Amino acid sequence: MRIAVMGAAGRMGKTLIEAICQAEGVQLTVGTVLPDSSLIGADAGEVAGVGRLGVPLVATLGEVKDQFDLLIDFTSPETTMENLSFCAEHGKKIIVGTTGLDDEQKAHLAACAEKTAVMFAPNMSVGVNVCFKILDTIARTLGDDYDIEIIETHHRHKVDSPSGTALRLGEVVADALGRDLKECAVYGREGQVGARTRKEIGFETIRAGDVVGDHTVLFATEGERIEITHKASSRMTFAKGAVRAAAWLADKEAGQFDMQDVLSLR
Ligand SMILES: NC(=O)C1=CN([C@@H]2O[C@H](COP(=O)(O)OP(=O)(O)OC[C@H]3O[C@@H](n4cnc5c(N)ncnc54)[C@H](OP(=O)(O)O)[C@@H]3O)[C@@H](O)[C@H]2O)C=CC1
Ligand SMILES: O=C(O)C1=N[C@H](C(=O)O)C[C@H](O)C1
(Lines of atoms letter the chains of each structure in order from A and count residues from 1; the text may use other names and numbers.)
(Lines give C-alpha, C1' and ligand atoms only; values in the text may rest on other atoms or scores of the structure.)
(Ligands and ions follow the chains in the order given, each with its own letter.)
Protein backbone atom coordinates (compact mmCIF):
# COMPACT_ATOMS: atom_id res chain seq x y z
CA MET A 1 0.00 0.00 0.00
CA ARG A 2 1.53 3.32 -1.15
CA ILE A 3 0.49 6.09 1.21
CA ALA A 4 0.33 9.87 0.82
CA VAL A 5 0.27 12.09 3.91
CA MET A 6 -1.36 15.50 3.50
CA GLY A 7 0.01 18.18 5.84
CA ALA A 8 3.26 16.28 6.33
CA ALA A 9 4.81 19.01 8.48
CA GLY A 10 1.89 19.19 10.92
CA ARG A 11 1.79 17.63 14.39
CA MET A 12 -0.10 14.57 13.14
CA GLY A 13 1.57 14.59 9.72
CA LYS A 14 5.03 14.06 11.21
CA THR A 15 3.76 11.39 13.60
CA LEU A 16 1.98 9.59 10.74
CA ILE A 17 5.21 9.45 8.74
CA GLU A 18 6.98 7.92 11.75
CA ALA A 19 4.16 5.36 12.20
CA ILE A 20 4.21 4.42 8.50
CA CYS A 21 7.99 3.84 8.71
CA GLN A 22 7.49 1.49 11.68
CA ALA A 23 4.69 -0.55 10.06
CA GLU A 24 4.86 -3.56 7.72
CA GLY A 25 3.14 -3.59 4.33
CA VAL A 26 2.79 0.18 3.93
CA GLN A 27 5.15 2.70 2.38
CA LEU A 28 5.22 6.49 2.40
CA THR A 29 5.46 7.62 -1.23
CA VAL A 30 4.00 11.15 -1.05
CA GLY A 31 4.01 13.98 1.49
CA THR A 32 2.39 17.37 0.93
CA VAL A 33 2.72 20.82 2.46
CA LEU A 34 1.00 24.08 1.55
CA PRO A 35 2.04 25.63 -1.82
CA ASP A 36 3.73 28.61 -0.11
CA SER A 37 5.75 26.41 2.28
CA SER A 38 9.53 26.73 2.40
CA LEU A 39 9.59 22.93 2.90
CA ILE A 40 8.62 22.06 -0.70
CA GLY A 41 11.32 19.74 -2.01
CA ALA A 42 12.59 18.90 1.47
CA ASP A 43 12.71 15.20 2.38
CA ALA A 44 9.55 14.02 4.21
CA GLY A 45 11.53 11.72 6.50
CA GLU A 46 13.97 14.43 7.49
CA VAL A 47 11.10 16.86 8.22
CA ALA A 48 9.45 14.17 10.36
CA GLY A 49 12.70 13.44 12.18
CA VAL A 50 13.00 9.81 11.06
CA GLY A 51 15.89 10.19 8.60
CA ARG A 52 16.01 10.44 4.80
CA LEU A 53 13.22 8.55 2.96
CA GLY A 54 13.79 9.84 -0.58
CA VAL A 55 10.28 11.39 -0.63
CA PRO A 56 10.42 15.11 -1.55
CA LEU A 57 7.50 17.15 -0.20
CA VAL A 58 5.13 18.48 -2.88
CA ALA A 59 2.43 21.15 -2.96
CA THR A 60 -0.46 19.33 -4.65
CA LEU A 61 -1.77 15.79 -5.08
CA GLY A 62 -2.31 16.39 -8.80
CA GLU A 63 1.42 16.37 -9.51
CA VAL A 64 1.89 12.94 -7.85
CA LYS A 65 -1.46 11.29 -8.54
CA ASP A 66 0.07 8.07 -9.92
CA GLN A 67 2.38 7.66 -6.94
CA PHE A 68 -0.05 6.68 -4.16
CA ASP A 69 -3.04 4.42 -3.44
CA LEU A 70 -4.36 5.92 -0.21
CA LEU A 71 -4.31 9.40 1.34
CA ILE A 72 -4.17 10.07 5.07
CA ASP A 73 -5.57 13.49 5.88
CA PHE A 74 -5.33 15.18 9.29
CA THR A 75 -5.56 18.85 8.25
CA SER A 76 -8.49 21.28 8.24
CA PRO A 77 -12.12 20.84 7.14
CA GLU A 78 -11.65 22.95 3.98
CA THR A 79 -8.57 21.01 2.86
CA THR A 80 -10.23 17.70 3.69
CA MET A 81 -13.24 18.57 1.48
CA GLU A 82 -10.93 19.20 -1.48
CA ASN A 83 -9.05 15.97 -0.82
CA LEU A 84 -12.26 13.94 -0.64
CA SER A 85 -13.28 15.26 -4.07
CA PHE A 86 -9.83 14.46 -5.48
CA CYS A 87 -9.83 10.92 -4.07
CA ALA A 88 -13.37 10.21 -5.27
CA GLU A 89 -12.49 11.44 -8.76
CA HIS A 90 -9.18 9.58 -9.02
CA GLY A 91 -10.09 6.31 -7.25
CA LYS A 92 -7.85 6.82 -4.21
CA LYS A 93 -8.82 5.52 -0.79
CA ILE A 94 -8.80 8.12 1.99
CA ILE A 95 -8.52 8.17 5.78
CA VAL A 96 -9.88 11.35 7.37
CA GLY A 97 -8.84 12.30 10.90
CA THR A 98 -9.71 15.97 10.57
CA THR A 99 -12.27 17.16 13.14
CA GLY A 100 -14.64 20.13 13.16
CA LEU A 101 -16.59 19.10 10.03
CA ASP A 102 -20.07 20.69 9.81
CA ASP A 103 -23.18 18.85 8.56
CA GLU A 104 -22.68 19.96 4.95
CA GLN A 105 -19.07 18.79 5.01
CA LYS A 106 -20.10 15.43 6.49
CA ALA A 107 -22.65 15.09 3.68
CA HIS A 108 -19.89 15.71 1.12
CA LEU A 109 -17.78 13.02 2.81
CA ALA A 110 -20.70 10.58 2.61
CA ALA A 111 -21.24 11.39 -1.08
CA CYS A 112 -17.55 10.77 -1.86
CA ALA A 113 -17.76 7.45 0.02
CA GLU A 114 -20.18 6.24 -2.66
CA LYS A 115 -17.30 6.45 -5.14
CA THR A 116 -14.28 5.39 -3.06
CA ALA A 117 -13.39 3.87 0.32
CA VAL A 118 -13.45 6.50 3.11
CA MET A 119 -12.49 5.89 6.74
CA PHE A 120 -13.51 8.81 8.96
CA ALA A 121 -13.01 8.83 12.73
CA PRO A 122 -12.57 11.72 15.19
CA ASN A 123 -10.22 9.60 17.27
CA MET A 124 -8.17 6.68 15.90
CA SER A 125 -6.83 5.36 19.21
CA VAL A 126 -7.89 1.86 20.21
CA GLY A 127 -8.57 3.09 23.76
CA VAL A 128 -11.10 5.76 22.82
CA ASN A 129 -12.89 3.37 20.48
CA VAL A 130 -13.22 0.81 23.27
CA CYS A 131 -14.62 3.63 25.43
CA PHE A 132 -17.28 4.33 22.77
CA LYS A 133 -18.31 0.69 23.03
CA ILE A 134 -18.52 0.49 26.84
CA LEU A 135 -20.19 3.90 27.12
CA ASP A 136 -23.09 2.64 25.05
CA THR A 137 -23.59 -0.16 27.59
CA ILE A 138 -23.15 2.13 30.62
CA ALA A 139 -25.62 4.72 29.30
CA ARG A 140 -28.26 2.10 28.44
CA THR A 141 -27.88 0.52 31.90
CA LEU A 142 -28.00 3.75 33.90
CA GLY A 143 -30.85 5.31 31.89
CA ASP A 144 -32.16 8.82 32.52
CA ASP A 145 -31.46 8.97 36.28
CA TYR A 146 -27.85 10.02 35.80
CA ASP A 147 -26.68 13.49 34.72
CA ILE A 148 -24.13 13.29 31.89
CA GLU A 149 -21.28 15.76 31.41
CA ILE A 150 -18.38 15.49 28.95
CA ILE A 151 -15.09 17.24 29.73
CA GLU A 152 -12.19 17.48 27.28
CA THR A 153 -8.70 18.99 27.55
CA HIS A 154 -6.33 19.66 24.63
CA HIS A 155 -3.16 21.60 23.82
CA ARG A 156 -3.24 25.37 23.32
CA HIS A 157 -3.04 25.09 19.49
CA LYS A 158 -6.30 23.21 18.96
CA VAL A 159 -8.74 25.27 16.87
CA ASP A 160 -12.06 23.36 17.06
CA SER A 161 -14.23 23.01 20.15
CA PRO A 162 -15.57 20.79 21.56
CA SER A 163 -13.19 18.17 20.20
CA GLY A 164 -14.46 15.74 17.60
CA THR A 165 -14.03 12.96 20.12
CA ALA A 166 -16.12 14.77 22.76
CA LEU A 167 -18.92 15.25 20.23
CA ARG A 168 -18.79 11.56 19.24
CA LEU A 169 -18.85 10.59 22.93
CA GLY A 170 -21.96 12.75 23.24
CA GLU A 171 -23.56 11.09 20.19
CA VAL A 172 -22.84 7.62 21.60
CA VAL A 173 -24.52 8.27 24.96
CA ALA A 174 -27.34 10.32 23.42
CA ASP A 175 -28.11 7.54 20.91
CA ALA A 176 -28.03 4.93 23.69
CA LEU A 177 -30.62 6.95 25.62
CA GLY A 178 -32.83 7.74 22.62
CA ARG A 179 -31.93 11.45 22.68
CA ASP A 180 -30.93 13.75 19.82
CA LEU A 181 -27.59 15.37 20.71
CA LYS A 182 -28.47 18.47 18.66
CA GLU A 183 -31.43 19.05 21.01
CA CYS A 184 -29.92 18.08 24.37
CA ALA A 185 -26.31 19.37 24.15
CA VAL A 186 -25.37 22.33 26.37
CA TYR A 187 -21.99 23.96 25.70
CA GLY A 188 -19.92 25.91 28.27
CA ARG A 189 -22.40 27.25 30.84
CA GLU A 190 -21.96 30.84 32.05
CA GLY A 191 -24.08 33.23 34.12
CA GLN A 192 -27.63 32.67 35.47
CA VAL A 193 -28.33 29.60 33.37
CA GLY A 194 -30.66 27.94 35.90
CA ALA A 195 -30.52 24.41 37.26
CA ARG A 196 -29.51 21.69 34.87
CA THR A 197 -32.33 19.85 33.11
CA ARG A 198 -32.53 16.10 33.50
CA LYS A 199 -31.79 15.16 29.91
CA GLU A 200 -29.19 17.72 28.91
CA ILE A 201 -25.65 16.57 28.08
CA GLY A 202 -23.11 19.21 29.10
CA PHE A 203 -19.77 19.87 27.37
CA GLU A 204 -16.81 21.61 28.97
CA THR A 205 -13.64 22.48 27.04
CA ILE A 206 -10.17 23.18 28.43
CA ARG A 207 -7.26 24.39 26.25
CA ALA A 208 -3.84 24.44 27.92
CA GLY A 209 -0.17 23.73 27.29
CA ASP A 210 0.80 20.57 25.45
CA VAL A 211 -1.99 18.19 26.49
CA VAL A 212 -2.34 15.60 23.69
CA GLY A 213 -5.99 14.80 24.43
CA ASP A 214 -7.98 13.94 27.56
CA HIS A 215 -11.67 13.02 27.58
CA THR A 216 -13.96 12.25 30.52
CA VAL A 217 -17.61 11.23 30.48
CA LEU A 218 -19.19 11.78 33.88
CA PHE A 219 -22.43 10.07 34.95
CA ALA A 220 -23.68 11.43 38.30
CA THR A 221 -26.78 10.86 40.39
CA GLU A 222 -27.60 11.27 44.07
CA GLY A 223 -25.21 9.06 46.01
CA GLU A 224 -22.70 8.08 43.32
CA ARG A 225 -20.91 8.96 40.14
CA ILE A 226 -18.99 7.14 37.42
CA GLU A 227 -16.20 8.75 35.42
CA ILE A 228 -14.85 7.11 32.28
CA THR A 229 -11.60 8.82 31.34
CA HIS A 230 -9.23 8.34 28.41
CA LYS A 231 -5.89 10.16 28.32
CA ALA A 232 -3.69 10.15 25.23
CA SER A 233 -0.05 10.77 26.14
CA SER A 234 1.36 10.49 22.60
CA ARG A 235 0.02 11.27 19.11
CA MET A 236 1.50 7.92 18.08
CA THR A 237 -1.68 6.24 19.39
CA PHE A 238 -3.74 8.11 16.75
CA ALA A 239 -1.15 7.56 14.02
CA LYS A 240 -0.92 3.82 14.65
CA GLY A 241 -4.70 3.61 14.43
CA ALA A 242 -4.67 5.42 11.08
CA VAL A 243 -1.99 3.09 9.68
CA ARG A 244 -3.92 0.06 10.92
CA ALA A 245 -6.99 1.47 9.15
CA ALA A 246 -4.98 1.91 5.93
CA ALA A 247 -4.16 -1.80 5.85
CA TRP A 248 -7.80 -2.64 6.68
CA LEU A 249 -9.07 -0.48 3.78
CA ALA A 250 -6.86 -2.32 1.26
CA ASP A 251 -9.67 -4.57 -0.03
CA LYS A 252 -12.49 -2.01 0.22
CA GLU A 253 -13.57 -0.39 -3.05
CA ALA A 254 -16.12 2.11 -1.71
CA GLY A 255 -18.16 2.94 1.39
CA GLN A 256 -17.88 4.95 4.59
CA PHE A 257 -16.19 3.26 7.56
CA ASP A 258 -14.93 4.25 11.00
CA MET A 259 -12.60 2.78 13.63
CA GLN A 260 -15.42 0.66 15.05
CA ASP A 261 -15.37 -1.19 11.71
CA VAL A 262 -11.57 -1.44 11.65
CA LEU A 263 -11.48 -2.83 15.21
CA SER A 264 -14.55 -5.11 14.74
CA LEU A 265 -16.31 -3.33 17.61
CA ARG A 266 -19.70 -2.96 15.93
N1 LIG B 1 -8.87 11.56 14.36
C2 LIG B 1 -7.84 11.59 15.22
O3 LIG B 1 -7.46 10.54 15.81
C4 LIG B 1 -7.11 12.87 15.44
C5 LIG B 1 -7.53 13.99 14.79
N6 LIG B 1 -6.81 15.15 14.86
C7 LIG B 1 -7.27 16.25 14.04
O8 LIG B 1 -6.36 16.39 12.95
C9 LIG B 1 -6.33 17.74 12.50
C10 LIG B 1 -4.90 18.24 12.45
O11 LIG B 1 -4.36 18.27 13.76
P12 LIG B 1 -2.82 18.68 14.01
O13 LIG B 1 -1.92 17.76 13.28
O14 LIG B 1 -2.69 18.84 15.47
O15 LIG B 1 -2.78 20.12 13.31
P16 LIG B 1 -1.57 20.88 12.61
O17 LIG B 1 -2.03 22.28 12.40
O18 LIG B 1 -0.30 20.63 13.35
O19 LIG B 1 -1.43 20.11 11.19
C20 LIG B 1 -2.23 20.34 10.08
C21 LIG B 1 -1.27 20.53 8.93
O22 LIG B 1 -1.98 20.51 7.71
C23 LIG B 1 -1.37 21.49 6.88
N24 LIG B 1 -2.27 21.80 5.80
C25 LIG B 1 -3.48 22.40 5.83
N26 LIG B 1 -3.99 22.51 4.60
C27 LIG B 1 -3.08 21.96 3.75
C28 LIG B 1 -3.04 21.80 2.33
N29 LIG B 1 -4.02 22.21 1.53
N30 LIG B 1 -1.94 21.20 1.80
C31 LIG B 1 -0.93 20.77 2.58
N32 LIG B 1 -0.92 20.92 3.93
C33 LIG B 1 -1.99 21.51 4.50
C34 LIG B 1 -1.05 22.62 7.82
O35 LIG B 1 -0.10 23.49 7.26
P36 LIG B 1 0.18 24.94 7.96
O37 LIG B 1 0.66 24.66 9.34
O38 LIG B 1 1.24 25.53 7.10
O39 LIG B 1 -1.12 25.67 7.95
C40 LIG B 1 -0.51 21.85 9.01
O41 LIG B 1 0.87 21.61 8.89
C42 LIG B 1 -7.24 18.50 13.47
O43 LIG B 1 -8.53 18.60 12.89
C44 LIG B 1 -7.29 17.60 14.70
O45 LIG B 1 -8.44 17.78 15.48
C46 LIG B 1 -5.68 15.24 15.61
C47 LIG B 1 -5.24 14.16 16.31
C48 LIG B 1 -5.92 12.88 16.30
O1 LIG C 1 -6.57 18.25 17.79
C2 LIG C 1 -6.10 17.28 18.44
O3 LIG C 1 -4.96 17.29 18.91
C4 LIG C 1 -6.96 16.11 18.62
N5 LIG C 1 -8.11 16.08 17.99
C6 LIG C 1 -9.04 15.02 17.98
C7 LIG C 1 -10.40 15.51 18.45
O8 LIG C 1 -10.78 16.65 18.13
O9 LIG C 1 -11.12 14.74 19.09
C10 LIG C 1 -8.55 13.76 18.63
C11 LIG C 1 -7.54 13.93 19.72
O12 LIG C 1 -8.18 14.13 20.94
C13 LIG C 1 -6.48 14.98 19.44
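Here the Cβ of each residue, glycine as well, is placed from N, Cα and C on the backbone.
The active site, proton donor/acceptor feature in TrEMBL is assigned to His154. Summarising the annotation, TrEMBL assigns active site, proton donor to Lys158. According to TrEMBL, the feature NAD(+) binding site maps to Gly7, Ala8, Ala9, Gly10, Arg11, Met12, Asp43, Gly97, Thr98, Thr99, Ala121, Pro122, Asn123, Met124. The annotation (S)-2,3,4,5-tetrahydrodipicolinate binding site is assigned in TrEMBL to His155, Gly164, Thr165. The feature domain 'Dihydrodipicolinate reductase N-terminal' is assigned by TrEMBL to 1-124. TrEMBL lists 127-263 with the feature domain 'Dihydrodipicolinate reductase C-terminal'.
Structural mapping of features recorded in TrEMBL.
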{"residue": "Gly7", "record": "NAD(+) binding site", "contacts (Cβ under 8 Å, 6+ apart)": "Gly13, Thr32, Val33, Asp73, Phe74, Thr75, Thr79"}
{"residue": "Ala9", "record": "NAD(+) binding site", "contacts (Cβ under 8 Å, 6+ apart)": "Val33, Ser37, Leu39, Val47, Leu57"}
{"residue": "Arg11", "record": "NAD(+) binding site", "contacts (Cβ under 8 Å, 6+ apart)": "His157, Arg235"}
{"residue": "Asp43", "record": "NAD(+) binding site", "contacts (Cβ under 8 Å, 6+ apart)": "Arg52, Leu53, Gly54, Val55, Pro56, Leu57"}
{"residue": "Thr98", "record": "NAD(+) binding site", "contacts (Cβ under 8 Å, 6+ apart)": "Asp73, Phe74, Thr75, Ser76, Pro77, Thr79, Thr80"}
{"residue": "Asn123", "record": "NAD(+) binding site", "contacts (Cβ under 8 Å, 6+ apart)": "Asn129, Gly164, Thr165, Arg168, Gly213, Phe238, Met259"}
{"residue": "His154", "record": "active site, proton donor/acceptor", "contacts (Cβ under 8 Å, 6+ apart)": "Ser163, Ile206, Arg207, Val211, Val212, Gly213, Asp214"}
{"residue": "Lys158", "record": "active site, proton donor", "contacts (Cβ under 8 Å, 6+ apart)": "Arg207"}
Length of the line joining the Cα atoms of Ala121 (NAD(+) binding site) and His155 ((S)-2,3,4,5-tetrahydrodipicolinate binding site), in Å:
20
Would you mind checking how many other C-beta atoms are within 10 angstroms of the C-beta on Thr165 ((S)-2,3,4,5-tetrahydrodipicolinate binding site)?
25
Near the Cβ of His155 ((S)-2,3,4,5-tetrahydrodipicolinate binding site), how many other Cβ atoms are there if near means within 10 Å?
13
In the same chain, which residues outside the set His155, Gly164, Thr165 have their CB within 8 A of the centroid of the CB atoms that define the (S)-2,3,4,5-tetrahydrodipicolinate site?
Thr99, Pro122, Asn123, Glu152, His154, Lys158, Asp160, Ser163, Ala166, Gly213, His215
Other CB atoms within 10 A, centred on Gly164 ((S)-2,3,4,5-tetrahydrodipicolinate binding site):
18
For the domain 'Dihydrodipicolinate reductase C-terminal' (127-263), the number of residues DSSP places in helix, strand and coil:
54 helix, 39 strand, 44 coil
Conformational class of Asp43 (NAD(+) binding site) under the three-state DSSP mapping:
strand
Could you pull the average pLDDT for the domain 'Dihydrodipicolinate reductase N-terminal' (1-124)?
98
Listed recorded positions adjacent to ligand 1, that is, members of Gly7, Ala9, Arg11, Thr98, Asn123, His154 whose C-beta is under 6 A away:
Gly7, Ala9, Arg11, Thr98, Asn123
